[in-house]
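Visitor: First the structure, then my questions, so here it is.
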Amino acid sequence: MSSIVAIVGRPNVGKSTFFNRLIQRRDAIVDSVSGVTRDRNYGKSEWNGREFSVIDTGGYIKGSDDVFEGEIRRQVSLAIEEADVVIFVVDVEEGITPMDAEVARLLRKETKPVFVAVNKVDSANRMDDTFEFYNLGLGEIFPIAGMSGSGTGDLLDEVVKALPEEEVRETEEEELPRFCVVGRPNAGKSSFINALIGEDRYIVTDIAGTTRDAIDTRFTQFGFDFNLVDTAGIRRKSKVKEDLEFYSVMRSVRAIEHSDVCILMVDATRGFEGQDQNIFWLAEKNRKGVVILVNKWDLVEKDTMTTKQFEDRIRQEIAPFTDVPIVFTSTVTKQRLLKALETAVEVYENRKARISTSKFNEAMLPIVEHTPPPAIKGKYIKIKYCMQLPTATPQFVFFANLPQYIKDPYKRYIENKLREMYNFSGVPIDIYFRQK
Ligand code: GDP
Ligand code: GDP
């Protein structure tokens, strides 16, 4: 699980410019290929060998200062709650505005590490204007220019030093699958968890993590044995009204990163919406297993809406990663709640599956020989050998004479074949082509 860095600040100070500089470019390329609009406000970054997640909290709130003052206050509260480190961006051109002062006041009350990034310091003669920001009372300030990247290295040096130690799992615990239940507010997450574990102390053991970290609840009943991640956080009704997409996404990040399989709960009466898609994508991006539960199925008029129709719609929304189990549940009638858990266990096993190199070649080589990658510029591309990599999540490499000419449609073709032959339901997989 990686640590979480949140970027806060009022609109137009340059948060998204800075965020885009931090996250890996790769994302943008992947997304342009799949043609799907993705959440642009969450990404992975790495500095001095330390990986962390970055959230641009401002990306969810666009607009002028006055309209959104209340929202920014909430944004800051939640960032403080969910992130390990906060970067507070201010604008040297504007100086300290009343809203900056308000954000600073909220941040001063907390013990989380906060770094003040004074942005738009494009030239040396702007340095003098940065000193004013010491008045925010948040300690050292870091002059940066998000646009050119100047000063960001010094800032990141300090940010990664402030991140908590990487968590080391205890060996025994490590073997237990970790599931989380995520979804938009009111989808039925707490009802689901309560239906499973209730308040029965006999089956519930709380293993307290560090103060703000995810809390695991071990579930051992009906032949299951796994940890439910962050159930306390999900049960806890937030003090802020969670009407914005930002909140459910932000609440999900830590739980998702901490899990092996994410149980994404969707409200059948609302359908699969943007927020659901963003949470799904968080799981996919983190290479976690996914099970989709369409909950409140008891409320749906079965004449007008069939499971098949519902499934098709969801698969359209989650394309191209559509090989995901979908289970129709009701926490009220208790319909398929155990089926949901069984499916999560299955996805967990699929994600751990390892295929021997000889068997894999036996299965795949006839396919790539029969349908090779299309020739380019009169050059024939030949795949000679393939294998699964010894990685935590399924990754496959295909060795070819001219791997650089193999395009995405062929990669998708290979992935489809692979999914036809093996059970990777609910599991994101990676395929690489390399020079032999
Ligand atoms: P956000 O609303 O806080 O996410 O701000 P944006 O990243 O959208 O930036 C707001 C404006 O500030 C845009 O016009 C950016 O081009 C500009 N900007 C961002 N970083 C810098 C910088 O380092 N120097 C200057 N001069 N302008 C910047
Ligand atoms: P959460 O915010 O995702 O934890 O959602 P809750 O578990 O608090 O549920 C929100 C509301 O939906 C509550 O009023 C529940 O009683 C109701 N609810 C949850 N699951 C179901 C279900 O399967 N069927 C019906 N009819 N209502 C449900």
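Please read every residue number as a count from 1 along the shown chain.
The backbone N, Cα and C atoms fix where each Cβ goes, and this holds for glycine too.
TrEMBL: automatically predicted annotations, no manual curation.
Relevant sequence annotations retrieved from TrEMBL are reproduced here:
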type: DOMAIN; residues: 3-167; note: domain 'EngA-type G'
type: BINDING; residues: 9-16, 56-60, 119-122; note: GTP 1 binding site
type: DOMAIN; residues: 177-352; note: domain 'EngA-type G'
type: BINDING; residues: 183-190, 230-234, 295-298; note: GTP 2 binding site
Visitor: Distance between T57 (GTP 1 binding site) and G183 (GTP 2 binding site) at the Cα atoms, whole Å?
Guide: 18
Visitor: Checking the binding-site residues N12, N186, K189: which ones have Cβ within under 6 Å of ligand 2?
Guide: N186, K189
Visitor: Looking only at C-alpha atoms, tell me how far K189 (GTP 2 binding site) is from V121 (GTP 1 binding site), rounded to the nearest Å.
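Guide: Taking the Cα atoms only, K189 (GTP 2 binding site) lies 45 Å from V121 (GTP 1 binding site).
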Visitor: Should G183 (GTP 2 binding site) be counted as helix, strand, or coil on the basis of DSSP?
Guide: strand
Visitor: Could you give the mean pLDDT over the domain 'EngA-type G' (177-352), rounded to a whole number?
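Guide: Value for the domain 'EngA-type G' (177-352), mean pLDDT as a whole number: 82.
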Visitor: I want to check the contact list for W297 (GTP 2 binding site): same chain, sequence separation of six or more, C-beta distance under 8 angstroms. What comes out?
Guide: A268, F328, T329, S330, Q335
Visitor: Ligand 1: which of the binding-site residues N12, K15, K189, W297 have a Cβ closer than 6 angstroms to it?
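Guide: Only N12, K15 qualify.
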Visitor: Per DSSP, to which secondary structure element type does K15 (GTP 1 binding site) belong, with helix, strand and coil as the options?
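Guide: Looking at the DSSP assignment, K15 (GTP 1 binding site) belongs to a helix.
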Visitor: By a 10 A CB contact count over all chains shown, which of the binding-site residues listed here is most packed: N12, T57?
Guide: T57
Visitor: Please classify the secondary structure at T57 (GTP 1 binding site) using three-state DSSP.
Guide: helix
